[in-house]
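What TrEMBL annotates here:
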type	residues	note
TRANSMEM	20-38	transmembrane segment
DOMAIN	34-275	domain 'Rhodopsin'
TRANSMEM	50-73	transmembrane segment
TRANSMEM	93-117	transmembrane segment
TRANSMEM	129-150	transmembrane segment
TRANSMEM	178-200	transmembrane segment
TRANSMEM	212-231	transmembrane segment
TRANSMEM	251-273	transmembrane segment
REGION	278-310	region 'Disordered'
COMPBIAS	281-292	compositional bias 'Low complexity'
Amino acid sequence: MDIDNQTLLSESRGPQVLGVVWSFSLVAIIVVGIRFYTKGRILRRLTIDDYTILLALVFGIINSGFLTVSVHWGLGKHMRTLTPKQASQTIKWMYLCEVFCIMCPGFARISFGLLILSILPPTAWRRRFIWTVIITQFVVDIGTIIISYAQCRPVNRYWNPEVRGTCWEPVVQQYTGFFQGSVCSLTDLLLSVFPASLFWSLSMPRKTKISLSILMGLGIFAMIASIIKTVEYRNITAEADLTYEMANLSTWWAIEGFVVLIGASIPTLRPLLNRNDHKSLSSGPSKFLSSSRFRKSPSPDKKPTNDQILGSMDTLTKLGSFGDGECIGTEYVSQNETSKIVIPGAILKETVTEVTHEKGRIENTKNKFEN
C-alpha cells in the first residue's frame, strides 16, 4: 500500500505538459516573428490576416502561462495526492485556460481563411464558401465558451465544491467538446483542401501546383491534432481523476492551437526563401510565385473560360504578395483587351490575350518581359 502511495505521489504529467507547451510556444513565436519580418520588411505590407495571427499568438502564450500556473498547483498529478487547496487551484487555472485554448486556434483559422480570401480570383461562390467556414467555426467557438462558463452557478462552484450552487453534468461539457472539436477538424480539412482545388484549376506547371497545395495544406496536421484533442474528451467524466486526466487534454489543446498558427504562417514565408534564389528581385518585393511560369494551353482549339483567364491572372498576381501586398495597377478583362500587372521594383510582365468567339480559340498570346 505504501508502495502504491509512493508511486502515485511521484507520478506526474506536469513536466510533459510544460515541455510540450513551451516548445510549441517558442516555435510559434519564431515563425510569427519571421512572418512579420517577411511581410513588413520584404513585402512592406502587413494585412489583417497578420494582425489576426498575432492575436492568436497572444492567446496561445496566455494559455501556456495559465497552464504553467496550473502545473505549479498540481496539474498532471493524481487528485487524491493533492490538498483541497491544490486541487481547487489546479482546476481553477485549467478552467481559466478554456477561452484562450479555444480562441488561439480559432483566430489562427480565421487568419488563414482571410489569407485564402486575399488570393482568391473574383468568384462569388468561392468567397461565400470561405466566409461560411470562417463564421461557422467562430460561432461554434464562442458558443462553446459560453456553455463552458455557464455550466456552474456561481462560476467558482466549478473549482470549489464547498461553494453552494449547482453545476451541469460533466457529460454536457464532454459532448460540447466533441461537437466543437469535430467542427474545428472539419474546418481544418476544408481550409487545407480548398486552396489545392483552386491551384489545380489554374494554368501552371504541375510541380508548382503540388508545391503550393502542400504549402497551403499544412492545416491537415492541425486537423490531426484537433481529432486527438477531441478524443481526449472521453476521459472527462464525473468519476475522472480530473487533475491527472486533464493534463493530456490540456497538452493537445495547446498543440492544436500552435499547429494551426504555425501552419497558417508558413505559406507567408516563401518570399523570404525566394529572396536568395531570385536575385533579380532582391531590390524589390520577392514574389510568391516568382519562379513559376504560365503554362501554354495544351490544345489551341480549346478556348479558356472567363473564369480560367481571370482566375489565373488574379490568383497568380495576389499570391505574389499575399493579401494584395505589392501589386498595384492591375486590370482584368476577358475579351480582346489587355491584362496588365504592374509590380513596383520587380520584373514587369505584360500578357496580351485576344479571344475570338467565332473561331472558338485564342488567336494570339504575347508575353513581354521588361526590366
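Quick reminder: no glycine exception, Cβ is built from N, Cα and C everywhere.
Any TrEMBL annotation is an automated prediction that lacks curation.
Remote same-chain partners of the transmembrane segment (20-38), defined as residues 6 or more beyond its termini with a Cβ less than 8 Å from a stretch Cβ, comprise 46, 50, 53-54, 57, 60-61, 64, 67-68, 250-251, 254-255, 258-259, 261-262, 265-266, 268-269, 271-272. Averaged over the domain 'Rhodopsin' (34-275), the predicted model has a pLDDT of 90.
Beyond the transmembrane segment (93-117), the same-chain residues lying 6 or more positions past its ends with a Cβ under 8 Å from any Cβ of the stretch are 47-50, 52-53, 55-57, 59-60, 62-63, 66-67, 69-70, 73, 75, 127, 130-131, 133-134, 137-138, 141, 144-145, 148-149, 158-159, 180, 184, 187-188, 191, 194-195, 216, 219, 222, 226, 246, 250, 253-254, 256-258, 260-261, 263-264, 267-268, 322-323.
Long-range contacts of the transmembrane segment (129-150) within the same chain: residues 95, 98-99, 102-103, 106, 109-110, 113-114, 116-117, 120, 172-173, 176-177, 179-180, 183-184, 187, 190-191, 194, each at least 6 residues beyond the stretch ends and with a Cβ under 8 Å from a Cβ of the stretch. Within the chain, the transmembrane segment (251-273) has long-range Cβ neighbours (under 8 A, six or more residues past its boundaries) at 13, 16-17, 20-21, 24-25, 27-28, 31-32, 34-35, 37-39, 42-43, 50, 53, 56-57, 59-60, 63-64, 67, 97, 101, 104-105, 108-109, 111-112, 115, 184, 188, 215-216, 218-219, 221-222, 225-226, 228-229, 232, 285-288, 321-322. Within its own chain, the transmembrane segment (50-73) has Cβ neighbours under 8 Å at 14, 17-18, 21-22, 25, 28-29, 32, 35-36, 39, 82, 86, 89-90, 93-94, 96-97, 100-101, 103-108, 110-111, 114, 250, 253-254, 257-258, 260-261, 264-265, 268, 323, counting only residues six or more beyond its boundaries.
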